[in-house]
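A.B. asks: A single structure is presented below for examination.
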Amino acid sequence: MTDENIRQIAFYGKGGIGKSTTSQNTLAAMAEMGQRIMIVGCDPKADSTRLMLHAKAKTTVLHLAAERGAVEDLELHEVMLTGFRGVRCVESGGPEPGVGCAGRGIITAINFLEENGAYQDLDFVSYDVLGDVVCGGFAMPIREGKAQEIYIVTSGEMMAMYAANNIARGILKYAHSGGVRLGGLICNSRKTDREAELIENLAERLNTQMIHFVPRDNIVQHAELRRMTVNEYAPDSNQGQEYRALAKKIINNDKLTIPTPIEMDELEALLIEYGILDDDSKHAEIIGKPAEATK
């Protein structure tokens, strides 16, 4: 069973937005502050704990269960490893590409962990979820009320904002039945024009907050190459302080809301307002035109 005092959070966001990197760096900072944390990777790539463990997890719940014949044949210590600052790390895994439902791994893993006492003596459980998929098995942490606080990693790019709005729509669907709430948007900067202002505007429209603006810094890539979090690789760096600031905000966050997703027309109008998209009249003129024709 799960302790009712544990805060169960989940990080969602467009594929490639830096969600796993942002979540691991933030959770590392939270662990530095004395928080007891478990990460449940909900991505078939099984890379949600790589920076914590200095390596990709050698096995996953679903892979080992397939080898043994049943998840009941597993031992907790075989799939739960200890990483940086004592963070517990589990990867749910998934089937081979094109075979079966990857979301099944999430359901199987969480049930196994709950039944085997993995949730004892924890302050936070964090689910790191694949891309912007909010249907079926990948929505399971939301749908079943496992994750109570959702943090959406986004940026000032159109598709990242589009994904954030879609995820907000998924949260709204289960907000009343499961009690899930949106904790805020994390802007993982891509250095687009007026990016912080744009994401704050989007957050307001979604009835939430931009909980933190994470600036772009090459030190993140340097740490990743060494399979380390920034806080471990360069603890005194400015970027490390940014992740600590975000960690404190999540620990102290009491602004948990039911989101108000917006229509595509409103999102496009917002992008036009900030110069990401051309206005409709100009847009209509360039649709379907090759580069030479628009010079």
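Yeah, the Cβs are placed from backbone N, Cα and C, and that goes for glycine too.
Annotation comment: Swiss-Prot describes Gly13, Lys14, Gly15, Gly16, Ile17, Gly18, Lys19, Ser20 as ATP binding site. Look at Swiss-Prot and you will find Cys101, Cys135 tagged as [4Fe-4S] cluster binding site, backed by similarity to another entry. The ADP-ribosylarginine annotation in Swiss-Prot covers Arg104 and rests on similarity to another entry.
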A.B. asks: Other than its own, how many Cβ atoms are within 10 Å of the Cβ belonging to Gly18 (ATP binding site)?
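C.D. replies: Within a 10 Å radius of the Cβ of Gly18 (ATP binding site) lie 21 other Cβ atoms.
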A.B. asks: So, three-state DSSP: helix, strand or coil for Lys19 (ATP binding site)?
C.D. replies: helix
A.B. asks: Which one, from the binding-site residues Lys14, Lys19, has the smallest tally of other C-beta atoms lying within 10 Å of its C-beta?
C.D. replies: Lys14
A.B. asks: Tell me, by DSSP, whether Lys14 (ATP binding site) is helix, strand or coil?
C.D. replies: coil
A.B. asks: Cβ atoms within 10 Å, counted per site: which of Gly13, Gly15, Gly16, Ile17, Ser20 has the most, among these binding-site residues?
C.D. replies: Gly13
